[in-house]
Amino acid sequence: MAGQFGRYDDDEDDVLAPKEPQVTSQDPNERKAGRALRIKRRQEALKRAEQPTEETFKEEEPGPIEQATTAAAEELQRLALDGAAKVTNVKVTTDEREVVRRSLFSEKMQYSLEKLEMEAADAQTQYDAITANWDVMFEIKDPLDIEASIKEQKGKCDELLAQKDQLIDELKSDLKKMDMAYYEDLDKQDKDIKELSDRIEKQITIMQRAYEKQLFLIEQAITIEREVLVDHNNKRWEALYKQRDKEEVAHLEYKLEQLEEHKLEVEAIMWDHHAQYREAKIELETLIQELQKELEKLKATCVINTEKIGYTYQVLKKREEENVFVRSQQKRKLNKMSDMANSLRSKIRKAAEDGALEEIKADAEIVKLMQAMDDLEKKCRHFSHVNNYKFSQVWRMSAARCGALMRRVRVAEVALHAHILAEPPPQAPPPPPKSPLAKYDVPVINPNASEVNTPASKVAEEAKENLVRHILQLVADNTGFLVEDRLLKLIEKYPLTSRNLCTLDSIFMALEIQAEEDIELLCKIFLNYAFCPICIGLEAASDIMDGSTIAVREGHALSADDQLLMAEADEIMQKCGDPKVSLATAESTSEAGSLAGRRGRGVTVSSQPTLVSSKKSNPFLCPLGHNLEIESMQVLTALNEFMAVFVPPDKRKLYDIFTKMLVLRIGKKYTRRLVQFTEIIKCYLCYKMLLTVYFTVAVINDLAGTNESSPSNKPLVRRTKDVLFSALAFPLAMFVGVTFWGIYAVDRELILPKMMDAYFPTWLNHVMHSNIVVFTIVELATSFRMYPKRKFGLSILTTFMLFYVIWIHFIYFKTGSWVYPILSVLNWPLRIFFYLFSLGFVCGLYTLGESLNQSIWAKEVEYTVKSEKKKAK
């Protein structure tokens with residue numbers, strides 16, 4: 001390898017000597033040779049450019065480093081190919097084994113499917129034969145033949161089942177064989193993997209050693225070439241240093257001669273430059289003075305801009321803090337709503353399962369009831385036909401006799417009025433109906449209702465509805481950042497009203513608006529930003545009219561087109577800038593306050609005593625009766641003000657808990673809370689006190705009254721007992737038991753929180769909500785009572801429920817707490833629906849008690865009804 005670098009071993013004198021003939025030489029022969037060499041090289045370069053790159057590189061002689069790297073690459077490639085061949089041998093073997101296994105498996109699966117299809121066809125044939133025999137069996141009348149046919153059918157069914165079991169056993173055995181084959185394949189796979197890992201480890205070891213060896217050879221070649229190049233370059237640098245010293249001495253002498261010449265030229269130039277410098281200095285001084293003046297102006301402008309930027313920065317910073325707070329609040333709400341959604345999903349799933357079971361039971365009961373109703377209708381039609389026939393026979397027998405008697409009475413009546421009273425006889429009665437079941441057609445006079453003008457209250461309600469609808473539309477249009485994008489994509493295909501409802505529901509959920517009072521508060525705050533777009537230019541118009549009277553129409557009398565035209569005219573007048581129009585700048589007076597300033601949008605309309613009526617002003621209309629509007633830019637400001645005032649239900653609960661903690665610490669508030677709790681307990685024990693009153697009356701009846709089934713004369717205590725039990729005790733006891741334990745099963749916090757366990761232990765809870773149901777049913781089954789008329793009993797029950805609801809709300813408005821926690825969860829519409837459902841359920845329980853009493857004491861009820869009819873006659 002040292003011989004390759006022999007071309008660098010030259011003498012020190014020949015280092016800088018040119019190795020080729022130069023074109024710049026003094027010798028003409030050398031110049032000719034240099035030109036010829038240049039032409040030859042140009043031609044070789046053109047030929048090399050035309051040749052492909054591979055041939056070009058082949059002509060170049062590779063260096064020692066290239067030779068070493070080429071040899072190393074060939075050796076490493078050979079070793080890598082050998083290792084890959086060893087590794088892929090295992091893969092080829094496993095692939096071949098898998099191909100064989102899949103072919104066998106597909107054949108076996110095809111055979112199994114054909115077998116299953118044949119067995120299914122055979123089974124279907126047997127099943128059709130069994131099914132066809134059922135029709136033949138229905139025609140057989142002899143019990144012995146029926147039994148023999150049934151045994152034959154049973155034998156065929158057993159054969160079919162045995163055939164199915166045999167097929168199942170065969171399939172199970174095939175599955176076991178497949179499992180064993182699968183385990184064997186797993187063992188083979190483990191062995192192949194182990195062998196493959198051993199081969200890979202050996203190949204890695206061989207490649208590591210080969211890489212180390214080739215790397216050592218390449219490093220050795222690089223070291224040798226570097227040493228040769230360093231020696232050659234050192235000799236060349238020494239020769240260059242000597243040549244530089246000679247050239248520096250010659251260059252220094254030449255520079256000294258030029259320096260003298262430059263001194264003379266510099267002196268001449270310096271005098272010229274001095275004159276130009278004075279002229280330029282004067283011009284620059286004047287320019288500096290002008291620039292200083294502009295600088296002062298810029299400083300003043302910068303100070304103003306810095307103050308504006310600081311103010312804007314503070315505003316943006318405050319808005320950013322508000323956005324961070326709102327974002328964190330929305331995240332908390334989102335987490336809470338996700339938890340609620342998960343709980344609701346579980347409840348819905350449970351309710352769906354229970355509903356499916358109840359639906360199955362209800363379907364069975366409906367089928368039974370429908371059959372019973374069909375039988376009852378047949379019986380009713382039969383009895384009705386028989387009774388109608390008997391009654392018509394009796395009617396025909398008595399019709400002629402009654403007609404003769406009526407004619408005699410009419411003759412006597414006419415004679416009496418004509419001869420004794422000397423008066424014209426009265427009008428004859430209408431003829432009797434031909435059929436006893438005919439109905440008289442009574443003409444009904446429907447007087448035309450007179451048109452009534454719309455009262456002021458109706459106008460106020462319409463104005464309020466319009467303003468509330470306008471506010472909700474603005475909230476839905478300008479608070480899209482509170483609505484998820486997925487929801488907006490889902491509701492795109494629905495109409496505008498449905499989209500607004502979905503958007504408002506999502507916005508109210510984000511803002512935690514749940515009750516009607518919250519919406520009233522929102523509308524109240526938005527009302528502060530309302531203004532009348534029509535009345536903005538009325539003051540200017542009054543100045544132009546020179547005292548002419550203005551005919552004012554109420555807001556509800558203007559059509560939508562008129563209002564739109566008036567609004568457009570006002571905008572045109574403002575844009576044109578008529579010098580005769582003068583608007584007073586907005587400054588809220590002591591009478592109008594902040595409300596008038598906000599409604600005017602920066603403009604205050606002068607008072608017009610001749611136009612304002614003496615009636616009471618409507619807050620939802622302007623003084624002239626026009627509808628109010630709100631600008632879109634004020635929506636977010638009003639919402640910020642609303643969120644500052646509004647307290648969400650969760651925070652309200654926290655405030656209540658905090659208040660309760662303070663109540664326990666402070667003596668006066670503890671007494672007040674104790675009074676509230678006493679009021680709640682009074683309302684909660686109202687049903688129990690009612691049952692106590694009933695059982696007290698029952699004891700008095702046992703001591704002083706009578707418990708006979710049908711006494712000749714019922715005392716007052718007995719009648720009172722029957723009415724109390726029928727109208728109040730039974731339906732209310734059943735209602736309390738069913739609703740309490742039903743809500744308790746869903747969520748006990750909605751009816752009896754755990755914090756009440758200290759006052760109502762478990763045994764007392766069962767005494768108050770379980771025993772009353774048992775004792776009431778026992779009372780219904782052991783003692784007879786006569787139910788009053790249904791209208792009378794339901795009126796008593798409805799009156800009691802109404803007063804009880806009033807009492808609950810009285811306690812709520814007095815103490816601020818609901819007697820039953822479920823009422824605090826519901827909003828007012830759901831609360832009203834809950835009251836109506838409870839009332840209907842109680843009325844249903846009253847009807848149930850009446851039906852049970854009639855079924856248990858049927859004889860006594862029938863006897864009592866007959867005896868009452870006899871007394872009435």
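In case you wondered, yes, glycine gets a Cβ from its N, Cα and C as well.
Residues or ranges marked as region 'Disordered' by TrEMBL: 1-65.
Here TrEMBL flags 42-61 as compositional bias 'Basic and acidic residues'.
Feature annotation from TrEMBL assigns domain 'Dynein regulatory complex protein 1/2 N-terminal' to 92-193.
The coiled coil feature in TrEMBL is assigned to 106-181 (among others).
Annotation comment: TrEMBL describes 242-308 (among others) as coiled coil.
The coiled coil annotation in TrEMBL covers 334-379 (among others).
TrEMBL lists 724-743 (among others) with the feature transmembrane segment.
What TrEMBL records for 763-780 (among others) is transmembrane segment. Residues 688, 691, 698, 725, 729-730, 733-734, 736-738, 740-741, 752, 849, 852-853, 856 of the same chain, all 6+ positions outside the transmembrane segment (763-780), place their C-beta atoms under 8 angstroms from a C-beta of that stretch.
Residues annotated as transmembrane segment in TrEMBL: 792-812 (among others). Tertiary proximity for the transmembrane segment (792-812) is limited to same-chain residues at least six positions away from its ends with a CB under 8 Å from its CB atoms, namely 679-680, 683, 686, 723, 726-728, 731-732, 818-820, 823, 835, 838-839, 842-843, 846, 850.
Here the transmembrane segment (832-849) has long-range neighbours at 726-727, 730-732, 734-735, 738-739, 780, 787, 790, 793-794, 797-798, 801, 805, 822-823, 826, meaning same-chain residues at least 6 beyond its ends whose C-beta is under 8 angstroms from one of its own. Taken from TrEMBL, the feature transmembrane segment applies to 832-849 (among others).
Beyond the transmembrane segment (724-743), the same-chain residues lying 6 or more positions past its ends with a Cβ under 8 Å from any Cβ of the stretch are 687, 690-691, 693-694, 697-698, 750-752, 769-770, 772-773, 775-776, 779-780, 785, 787-788, 792-794, 796-797, 800, 822, 838, 841-843, 845-846, 848-850, 853. Residue counts of the domain 'Dynein regulatory complex protein 1/2 N-terminal' (92-193) by helix, strand and coil are 99 helix, 0 strand, 3 coil (DSSP-based).
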